[in-house]
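Quick look at what TrEMBL lists:
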DOMAIN    2-193  domain 'IFT122 first beta-propeller'
DOMAIN    194-298  domain 'IFT122 first beta-propeller'
DOMAIN    415-582  domain 'IFT122 second beta-propeller'
DOMAIN    589-969  domain 'Intraflagellar transport protein 122 homolog TPR'
DOMAIN    1023-1067  domain 'IFT122 zinc ribbon'
REGION    1095-1114  region 'Disordered'
REPEAT    55-86  repeat 'WD'
Amino acid sequence: MRAILTWVDKVVDRDKIDQCVWDMCFSPDGNKLIVAAGNRVLVYDANDGTMVQPLKGHKETVYCVAYAKDGKRFASGSADKSVIIWTNKLEGILKYTHNDAIQCMAYNPVNHQLASCAVGDFGLWSPEQKSVSKHKVSSRITCCSWTNDGQYLALGLYNGLVSIRNKVGEEKVKVERPQATLAPIWSLSWNPNKDEPYDVLAVADWAQRLSFYQLSGKQIGKDRALGYDPTCLNWFSKGEYVVLGGANKQCTLHTKEGVKLGIVGEQMSWVWCCAVKPDSNYVAVGCQDGTLAYYQLMFSTVHGLYKDRYAYRDNMTDVIIQHLITDQKVRIKCRDLVKKIAIYRNRLAVQLPDRIVVYELYSEDLADMHYRVKEKINKKFECNLLVVCSSNIILCQEKRLQCLSFQGVKERQCIMNCVWLQEKRLQCLSFQGVKEREWIMESLIRYIKVIGGPASREGLLVGLKNGQILKIFADNAFPMLLLKQNTSVRCLDLSCSRAKLAVVDEHNICLVYDLATKDLLFQEPNANSVAWNTSYEDMLCFSGNGMLNIKASNFPVHQQKLQGFVVGFTGSKIFCLHVYAMSSVDVPQSAPMYQYLEKKMFRDAYKVACLGVTEGDWEVLAHEALESLDFDTAKKAFIRIRDLRYLELIHGIEERKKRGETDNMVFLADVHSYQGKFGEAAKLYKKANHEQRALNMYTDLRMFDYAKEFIGSGDPQDKKILMSKQADWAKSSNEPKAAAEMYISAGEYSKAIDIIGDNGWPDMLMDLARKLDKADRESLGQCARHMARLEQYGHAAEVYTKMGDMKSLIAMRVEAKHWDDAFTLVEKHPEYKEEVYVPYAQWLAENDRFEEAQQAFHKAGLQAEAVKVLEQLTVNAVVENRFDDAGYYFWKLAIQCLDIARDEPKKHDEMMAKFQEFQTKADTYYIYHTIYRHVIEPFTSVLPEGLFNMSRFLLHCMEEGTPRGVSKASTLYTLAKQSKNLGAYKLARHAFEALQNLRIPSRFQDAVDLGSLSIRAKPFQDSEELMSMCYRCSTTNPLLSKNRNCCVNCRQPFVHSFVNFEVLPLVEFFLEDGMIDEEAVHILDMSVPKKKKERTWKENRMSNHQSLRLGAEEEEEVEDPFTARLKNLGESDEFQPVVVNKPVLQTMSRAEVFVLKWPRPMRYQFFKTLLPDVSITACQSCKKLFHTDDFEQQYLQRGHCPFCRTLLEE
């Protein structure tokens, strides 16, 4: 640190008597300096020291001045007990007084409140308030200062205490210091740096101490002994330094921890005040004898560099080590003035005023930035330069070079005609401070540098003013003369192999020598520093005249702008020292690389490129090496830029070389083709007799015109192949029509058909199909498939017909859902029936036409699928409460089982059992549908008698089990309700009792409970009109019996009308063994109907009246054979069916017999009506019998049979 006196002035009064400068302050912009001297306030121009204007307003000595942070006003305080507020235009605007002389004052940095302190009190004034609030204190106030946030005011008292007050003057903290009564506080100030973690108060007292405190009153560190009585203290704007003045007649600079750094200026009397110009390094000093001095502080750069590690001084007491590559930094706090810094490998040496501290890295890791203390040499050394090695430190002192051990013992001394920086002595010390060696030279030492070497045997490169360049080893007392030149040395550096030496002389010329021959290799002008590239032997850089010069080998210099001095060169990074800052500059090595490329020195160019070039430079290097067939260099370069295409090319060439290929002309042609130089490549291929390679190249590149030109009048097969490839290109280039025509020309019909079909050109496709021979079935089939896809079914059918492929034609119709056309084709070709009906059935099922789907499966002969469809339909119908549909589907299932039993004799018994099961379920669901509707709907069109008969029939059917979905409770509820309404009270009571034992829906519960009670008031009998009579034995049967729907006497099954379920006057009879059904029907058809006797009217005349009488008395009819067989009931309890033979059949009338013709394997059913006048209708589809009136009514309502849904036309 150096202090330069900028200007000085002497303050005197009119009588030329020296006036003490009591206080001073700068304006916030630093242009004005306000000085309190005598009874005047003096305003100086801080830049040149001229007095702007003296301000008069005080009658006695002015003790203090203060400037507001906003720059609008400043204040002065005097022994006349007054405070005057001045504007920045030097006009007094306000004046107020205290009871005693004003001692000090300070402006709040935030709200610009002024604190003015007198002997016994202090006042707080702000522009917003009219009055000044004053507060008493217990002791004389000597100094004051606001915190940088303006919240607290610190008062220094004559009794040695510090009082910290808030903005309204209330005391918050009292700092009691040791020996306070003997140490009046004369100056204090808060650190203005807002980035500090806490507020720091610096206090100087007349116990000759400098102390630091926190806002809480806690002391920071220990007291710093000053050795004199301080009178003033002031901070730099950023809080990094403190300046002090006092009775020692000096103004000194200290760190923010209180470490003394140096003297700002020495005066002839006490320094009574000092001030630091805002945001600068200027310090103003005021003395008791009226001297006013203005200094500029110059902080020199103390630093050291080794490769990519740069160490420099910060805040005078800290050392920062910066990694120039990663920009990583670490700080070492030395807490004392750092005078010299040296760095080498893992060592760092720092010289302090009274010692040298040696640090080492924690580990050998190159990226490690953590240092620890290795040794301390507690001696004071005076030297111009400090150099550190692995085990020694080198000092440049006086007229010698000394090598000291760590204990400070001198080992050797060598007299030489050399000196550096007005010094000639170098000392080598060990880390314990022992002087090991000393070299004394006869000429001035101009440059010294550690050039590396084994530990404890490092070499130093020394340049002298007389032109000698020496190499000194730390363990050798005898230096080695490398060479001698005529001019003085300014800078030196050795190449990485130690074979070349670069020297910058006093004439700014860079000279490069070969150390082996001592020959001058070349020289370049305008150089102030030089550095070899540590990564490449033949490259160096030097700086000068604001330019950076890079020289590789003997090539011309490449220049670019650069400010500063080059101090290091590693790879593509150049380390430059500009003013006080070290920076790392990335310099692409493109220019040297291209210089090597021009000379075809590819390996050297690759080495330069590895130092750092752009990706484009790597690409140029790769291609240049490849064209020169330097595959090794080209391969490395292409790996750098990750160009897999060229790497594959090089790999292929290397493999071909291994297989014995040696024709470099072909290899070069391959390279040219990859680089796009197709004409040159084709010429090389032709020259090497590899015309096919050229042809393949052109076709792969779709350069068909060049390919045709290259072929000329060659092989026709080659032309055909070329045409095909051109068609491939046209297809990929989105020119399908041209591609198709080319494929047709080349005879590749399949590819042409695919293109035409994919683009939807049916006319073009049909033209091609008609031209094709029918033997080309593959191409024709391809045409037909595309036609079908384009929905040109007529054209597709034409093509299939041309081929004679009926199966594919039928499949097309099926796929297109042209069922009528498909059925027409199947009639002509029944062998494909399954290919039509199965998809048709599946299509019907997908469209919810399940019944038709079932029929289609049936037609296709897939009985299992047909049954599966019907079973699923029944399940769905039951789940959805569509019981009439469920009955219909079960009837269809029953018929299906008959068909299976007929077609598959092995399944006869199983299918017949299922037929009976499904037939019973069909009847049950058919009946339950009406009962379910009656239960859930409020109204019904069915007569009570019908519901009564249906519920009775259904209960008889449930005796063997209740099908899924059928509710016995609903059936009993219907029966109970209708029985009660029709007078069948006994049956109603039975039904209500059965309901009481069942779990019934809640909606029925009240009605059932009420009915169960009310039925008890009715007679315990049923109406005889409701009971069924057996038409075989004339027995009246109970309404419910254990014999189900059979007579209790003769066991003859009742035949019901399947609308209202009344018992029909029919008796079923069977044929005797040996008679077949068709024969019986033939006999019945041949029988003669019986003639009825005609009834006539007879007239009877009397005397006084006339009467008419219809018919005579009927004669008893002769009993016919069938009636006789009806009465033959047998003696056993088992049912005895009515069996008739041929003579009995011959006596029967065909009109009185109903024949139900069941399909095989079932037999026909024969029924004889006993009441021919009762009209009965039989459905020939479902084989159910109905009262004719009921059937006709239902048919008219529904349009089909109520049970099987068959139309009469069918």
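Glycine too: its Cβ is placed from the backbone N, Cα and C atoms.
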Would you kindly list the residues that approach the repeat 'WD' (55-86) from elsewhere in its chain, counting only those six or more residues past its ends and only Cβ-Cβ distances under 8 Å?
22-29, 34-43, 92-107, 109-110, 112, 114, 116, 118, 123, 125
Averaged across the domain 'IFT122 second beta-propeller' (415-582), what pLDDT does the model get? Just tell me the whole number, please.
85
So which residues does the domain 'IFT122 zinc ribbon' (1023-1067) touch in its own chain, when a touch means Cβ under 8 Å and the partner is 6 or more beyond its ends?
926-927, 942-943, 945-946, 948-950, 952-953, 955-957, 959, 979, 982-984, 986-987, 990, 1126-1127, 1129, 1133-1136, 1138, 1154, 1167-1171, 1174, 1176, 1184-1187, 1190-1191, 1193-1194, 1202-1203
How many of the residues that make up the domain 'IFT122 zinc ribbon' (1023-1067) does DSSP mark as helix, as strand and as coil?
3 helix, 10 strand, 32 coil
Do you know the DSSP helix, strand and coil residue counts for the domain 'IFT122 first beta-propeller' (194-298)?
0 helix, 60 strand, 45 coil
For the repeat 'WD' (55-86), the DSSP residue counts stand at 0 helix, 18 strand, 14 coil
